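Feature list (source: Swiss-Prot):
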{"type": "TRANSMEM", "residues": "16-36", "note": "transmembrane segment"}
{"type": "TRANSMEM", "residues": "45-62", "note": "transmembrane segment"}
{"type": "TRANSMEM", "residues": "85-105", "note": "transmembrane segment"}
{"type": "TRANSMEM", "residues": "123-143", "note": "transmembrane segment"}
{"type": "TRANSMEM", "residues": "154-176", "note": "transmembrane segment"}
{"type": "TRANSMEM", "residues": "187-207", "note": "transmembrane segment"}
{"type": "TRANSMEM", "residues": "335-355", "note": "transmembrane segment"}
{"type": "TRANSMEM", "residues": "376-396", "note": "transmembrane segment"}
{"type": "TRANSMEM", "residues": "414-434", "note": "transmembrane segment"}
{"type": "TRANSMEM", "residues": "470-490", "note": "transmembrane segment"}
{"type": "TRANSMEM", "residues": "499-519", "note": "transmembrane segment"}
Amino acid sequence: MGSQEVLGQAARLASSGLLLQVLFRLITFVLNAFILRFLSKEIVGIVNVRLTLLYSTTTFLAREAFRRACLSGGAQRDWSQTLNLLWLTVPLGIFWSSCLGWVWLQLLEVPDPDVVPYYGTGVLFFGLSAVVELLGEPFWVLAQAHMFVKLKVLAESMSVILRSVLTALLVLWLPHWGLYIFSLAQLLYTTVLVLCYAIYLIQLLRSPESAKQLTLPVSRVTQLLPSISRSRAFVNWKEAGLAWSFFKQSFLKQILTEGERYVMTFLNVLNFGDQGVYDIVNNLGSLVARLIFQPVEESFYLFFAKVLEREKDASLQKQDDVAVAAAVLESLLKLALLTGLTMTVFGFAYSQLALDIYGGAMLSSGSGPVLMRCYCLYVLLLAINGVTECFMFAAMSKEEVDRYNFTMLALSSSFLVLSYLLTSWCGSVGFIMANCFNMGIRITQSLSFIHHYFRESPHRPLAGLRLSPVLLGVFILSAGITSVSEAFLCCERGWPARLAHIAVGTICLGVTLGTAFLTETKLIHFLRTQLGRSRLSDKMT
């Protein structure tokens, strides 16, 4: 498969994921706004911070390294060995779920059962849901490696929407069930997710032989299960070694990704109510990251991993592939920069209004608006880091991954210390400040890698981080106008003033986007080309 074809599939995966995710995120956004009206801050804090941390830690430690290792490399591989390796995530998940569940029940502070009932049941069900999701890991990797565009988005959309619907119904009808509600909803989510992948692949294997040859490297359902053969090793030891390197890294990356939740959970720097408010603001602030950056990062990680070879310098690889990879990276960096700047500039002036509409006075009063404004700056760093690390992890050799683990260890340690100190000093805003600091360090590391990678080639993809002076001036002007508008029109002067404030922001946003369209012609050409390819591919499939 050529680099242009892989690029087209990656763009198709990203664009399809983006459009469908916008749809189902809007649905869940409305459902979650409804649910918040019926919950206490304490229950939100327990579910969204502590129990979700149990679930995410279990799944991350059990599968992240296997995902990265098994999605790397070319098409020439023994998929039976790869599937055997992926099935090891299930016993790993049982191990981590059991260990972490004991910690959550025996070592951490147990909430008041009158305020948050059925905490033990919640721990059990969230740990179980993590193991259930790991049962679908071989199917997920197989589908992702072969770029089944609509399957991933459809499965995630259906499972998230069903979880939100069940939560809303139970909160409305049986509010006294407490954590039973969220436990059942989480188990439904993982079950539906696994069934979507399993049913799709099983049906595909039962389709006519010609269709199977064009898609999957297996021909029978039983080949999806673990298998032992005397003629070959149980797993590919090169993949297993790479997975071990990524596992050491993933352990540290998890601390960086969920560091504030670990500090809140283990060091008790915030009460459960404050944890709930922080997490709501965190989820709302990261909405753009989940809608845009995550699909792009996942899809183009696949592109870079397939086009580039890990063990070779750029000068020793096919120069056509290197040129395409450099051009794509430059465009992705520009897209991330523009999206992040837009969020930062307009987020500052519209944070309080957004929180008031979404959650009422519980969010728009107190520390909520300050948290949201700080998070808007963090989104800019998050956008750039997502693209740079996406390329770096796809191009690193095993030895470079091992060396980078030491950097991650230092970052993880500094993040935990910095989070604790800043939170003790300035409250929950300290978490975002610590995240910004560490994200800046990670961006510096990945930019250094990219610069070194392309040093011997004529390509300079880091030019994507430079804006035209005209567009930069429009961003600054928009920031000033919307800040003045907020001071005079928002948010205590009623809905007519609020609507006027929204109108001012809409005009400024339109001018900003129009300027970007006229000045960033290279990015516009890239988007038109790849979106056009994805639409053509959709029509042909």
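Cβ from N, Cα, C; glycine included.
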Any residues 6+ beyond the ends of the transmembrane segment (335-355) with a Cβ under 8 Å from its own?
281, 284-285, 288, 292-293, 296, 363-364, 368-369, 372-373, 375-377, 379-384, 386-387, 464-465, 467, 475, 478-479, 482-483, 485-486, 490-491, 498, 501-502, 505, 508-509, 512, 516, 520, 523, 527
Is it true that the transmembrane segment (154-176) and the transmembrane segment (123-143) have 3 or more CB pairs under 8 Å, sequence gap of 6 or more?
no
Near the transmembrane segment (470-490), which same-chain residues lie under 8 Å Cβ to Cβ, leaving out any that are not at least 6 residues past its ends?
341, 345-346, 348-350, 352-353, 497-498, 500-501, 504-505, 508-509, 511-512, 515-516, 519-520
In the same chain, residues at least 6 away from the ends of the transmembrane segment (45-62) whose Cβ sits under 8 Å of its Cβ atoms read 89-90, 92-93, 96-97, 100-101, 104, 108, 111, 116, 119, 122-123, 126-127, 129-131, 133-134, 179, 182, 186, 247, 250-251, 254, 257-258, 261-262, 264-265, 271-280, 283
Give residue numbers and ranges for long-range contacts of the transmembrane segment (414-434): same chain, 6 or more residues beyond its ends, CB-CB under 8 A.
255-256, 259-260, 262-263, 267, 269-270, 274, 277-278, 367, 370-371, 374-375, 378
Remote residues contacting the transmembrane segment (187-207) - C-beta distance under 8 A, at least 6 residues beyond either end
125, 128-130, 132-133, 135-136, 139-140, 142-143, 148, 151, 154-156, 158-160, 162-163, 166, 215-216, 218-221, 224
